[in-house]
Structures are given as C-alpha cells and as structure tokens.
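Remarks on the structure that follows.
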Amino acid sequence: MNDLSHTSALTPLAREVERRRTFAIISHPDAGKTTLTEKLLLFGGAIQLAGQVKAKAEKRNTRSDWMSIERERGISVVTSVMTFEYEGLVFNLLDTPGHEDFSEDTYRTLTAVDSAVMVIDAAKGIEARTRKLFEVCRLRDIPIVTFINKMDREGRDPFELLDEIEKTLALSTVPMTWPLGRGRDFAGTYDLTASHVRLLDKDTAPIPVEAGDAAALARAVPSIDAEAASEEIALVQEACGEFDLAAFREGHMTPVFFGSAIKNFGVGDLLKGLGDYAPQPRDQAAATRMVEATEDNLSAFVFKIQANMDPNHRDRIAFVRLCSGKLTRGMKVKQVRTGKSMSLNAPQFFFAQDRALAEEAYAGDVVGIPNHGALRIGDTLTEREEIAFLGVPSFAPEILRRVRLPDAMKAKKLKDALQDLAEEGVVQVFRPRDGSPALVGVVGALQLDVLQGRLAAEYGLEIRFEPSEFALARWISAPTKAELDSFVTSHNFSIADDLDGDPVFMAKSAFDLRYQGERSPSIVFADIKDVKKAK
Ligand code: G4P
C-alpha cells in the first residue's frame, strides 16, 4: 500500500513517526462503529475472532455498577485505545464514547487524534450525533475519511448521500469507490482510482475494468445492469472533482468509501485510504511554540484518566498522547504542572483484548501510564522543557448539584472520592470559599448517574443530589491580580475553587451573571478553561 521506500533517507525517529496513523471513529449510535472496529482490528491481526470487541466490553461491564449503567443504556462510556499494525503502518484507534452527554470526554479524545473516520448508515445519512462530532472535528481541523456502511441493505441513493454530506457539513466529497448494485443486489464496488472491481462474498483478487467499458463490467459483475452502472461511474467521475490531498488535510474534503462492515467488505479499502491519505502525527500547539512530531525530545499530554479499570486493583491509568520524540520504558520525565519528575516504569499499550508493557513508543502513540493521582487531564510531560500543550479544555458545567451524604461519618471519604473522580474528569468539583459543602458540575445529566453509581460501587458511598442555589459556573480572571482579588473579596459567597484552585464565580442565573458582568467590566467570565497561551 504505502510507498515507504523513500523513508530510508529519514532518521529512525522520523521513520517511526511517518508510519503512524492515530485516528478515531465518529458516528451516530448503531451506524456500525463497533462492527467496523472489529473488522479493522481483524485486518491488523490484533484479534482472531470478530465479536471479541463486544465480548470484551460485556465482560468488563459485569465488573461494577458503573459499568452496568453503561450496559443498561446501551452506550459505551469508556474510552479506550487500540493499536494494530497493517502493511508496515501502525494504527492507533481511539474509541470515542458513544453518548452525547459525554461531549466533554469526546472532545478530549478528539484532541488526541490526527484524523477521523466518519461512519454513516447508508439508510439514514447524516444523523444528529455524527453532525455534532463532525463539528468538533472541524473546530480542530481534523481530516475526515468517510465510510458509508450497510451497503448490503436497502439504503438511500449514493448521490443523495454525497449531496447531504456536502450540504449539511459543508464538506466536499470525492468517492474513492462506487457501489455496484443496491440493497439485496449489492454486488461489490468499483475502485475509481485503481479502476478495478471488488466483489462482495468472493474472496478473489480485484478484477481490472476500465471505466466506461460496460462489457468488461458485465463480465466481472453479471448480476447488475452493467450499462447503467457504467453510465453512473462516468457521471461520478465527471461530477465529483479530483481528490485534493491538501484540501482533505485542511478538513475541507473527504474521500468516501462504500462498504458493509458486517460483511467485512470495503474495510480493506478504507484502511488503505487511511494509510495513504490520513496524516502522520501532526505538530502540536503548546502555549509558547509549535512542537514538531519528529523532534528528538519526548513530549506528551494527558487526555484521559481512567480510574478503577479493575476495581480489585484500584489502578488508575492516564492515557497519554505522545506529541514528539521517543518514549523508552524506565525513562524519567518532567510533569510540567508540578515541576516534579516521574519515572515511566510501566507504560502500557492497549490491544483489543490485552495490555502489554510499552518498551518504546513514538509520537502519535497513546500509552497508558499507571499512577496514583499524580497525573491530571491536560498535564504535559516533557524530558525537561517547560512547555504546556493547549487544547484539552474544561467546559463550564450546565448542571450544578450539591452532594448530600446521609452518613456524616463518611465526609472525608466523600471528599477524597470526589477528588479522584474530578481528576478523572467524571465530574467537576467546586469548593465554595465560604466553607459550604462542595458542588459538583456536569455537562450532561447522565454523568450524575455515573457519579452516583461509581461512588456506591467503588467507594461504598450512598449519596443523593440536591438542587443548588447556583445555576452557572464561570472561570474568572482580570488584567491585574488586585482587580481579581477585589472582586473575589466582595463576592466571597459566590466564589468557589476548582480542582486546580482556580477561582470560579457561581451565578444564580443568567441574569445574575450578566448583571455582575456589567458591574465589573474588568472581570472576564469564561465558560471554557484551557492552558493559557503566552502573550
Ligand atoms: P455502533 O457501534 O455504531 O452502535 O453499531 P454496531 O456496530 O453495534 O452496529 C449496530 C447494528 O448494525 C448491529 O446490529 C450490527 O450488526 C449492524 N450492522 C453493522 N454493520 C452493518 C452492515 O454493514 N450491514 C448490516 N446489514 N448491518 C450492520 P444489531 O442487530 O443491533 O446488533 P447485533 O445483534 O448484530 O450485534
């Protein structure tokens, strides 16, 4: 597939970086993400049997109540990463959580990828969730490869689907393959770049057919109306522009593949497309400079924390995306937020069914680092340099609640548990300066159920939520410390500290927030918190 022959001129590090593709799959529930993931992993030889991904998920689900929330609602709350190799390339597939309540978590996962595969159900077209995830990708200029799935079933007209992508997402489409036959008569695809036919249900080599040669097409696929299909292919070639790699990389154009994940059809073409077009690990913006993936020194950021993956061991894994350089097991890195040094003694790679110690990893890879709370979401790790990566933000919660604990003896335990879960990004915790009980904030209501379930299952804490007098939380800043201090002092009953000790203004209503804003024009009320960019 990929021509890597020129890579001999590259440094060993650059060669490793060049062969990496780190991507996520975005889709609406039921479009076929899980099925496609299984098939992709099969290609990489990462799993032996299709069905393993689901089986694994089900096994995990039995482990705690938190997981049963996930099961009951038929969603996947856990983000995981799966690494597989195919034809000389290393693919890191990051799974995005399936429920829209978890937009914050999803957003963070998408900060760690260089491209995305958008899976569309051929019968349904662009659905709400796909659109939302697409918007996040667009914010970050993530290039998108499109896979139109379930071609083995009755679906919508392919031209209509392309038109819908173009209109609703403002994204140019360039089909790479074209379906031959529809629904029950779907017989395979015509590869528009390689000029060959690939047949469904037949494990044969592709059959070369020149575009426009209806007779050859009829010989290759006797079951379809070859004359009509040939005309359609001519129309596709005429109507759809040339594929422009630069436009794709900038997020304006998407190559489109048609297939059927369940029949393992079109998945190889998709994987080849990812290998050929999807970018290698991109340069990443830090507060003070751009960091190139091929720089010698290691840099990385934490985009996800998962605690208690196995409650028996109370382990806590920080998922770290490497941005530059090489990680070698046992090396020492600096945690920029605290200035502390830590040894990476047990970094882990994740496969479909397994984890393994990562002896070495390169920019683009995602490794899990077991730790006891030292690492937080958004943390940067470097060999020495004082840099902080941008773009792993916190969003102002839309729902605020007080946590009511009937058993007052367990207050300390609750405080620690909330701290754990806030560091993991399950909820945000705000500690009011006036000493009243902590408030928890979430972006979606489902997170409250997850919090309640996990507090019970993992910490033995039965809690209830009570409404809070506050409706909104905003991070506050001001041009000078004196101005900020003065605001904080005069609004002490409405100020809380977030996890990092940054001040947050708690407003009773949107009106209250607007009123305070007008009265204190020098104060900035922010609904997103990110690492600050150097001026
Ligand atoms: P998701 O992760 O995006 O939610 O989707 P998932 O892969 O679980 O697929 C949703 C349903 O669509 C599943 O059926 C799956 O078998 C089916 N499916 C996936 N890809 C294709 C395809 O290419 N063609 C057809 N015809 N169906 C496909 P289910 O009945 O809900 O689940 P199951 O009992 O088959 O597991």
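Glycine residues also receive a Cβ, built from the backbone N, Cα and C atoms like all the rest.
For the recorded site, SER27 (GTP binding site), the DSSP three-state label reads strand. On its own chain, SER27 (GTP binding site) has LYS33, MET118, VAL119, ILE120, ARG129, THR130, LEU133 as residues at least 6 apart in sequence with a Cβ closer than 8 Å to its own Cβ. Residues or ranges marked as GTP binding site by TrEMBL: 27-34, 95-99, 149-152.
The domain 'Tr-type G' annotation in TrEMBL covers 18-282.
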Listed binding-site residues with Cβ under 6 Å from ligand 1, out of ASP30, THR96, MET151: ASP30
Fewest-neighbour residue among binding-site residues, criterion Cβ within 10 Å, set ASP30, LYS33, THR96, MET151: ASP30
Mapped DSSP class for LYS33 (GTP binding site), helix or strand or coil: helix
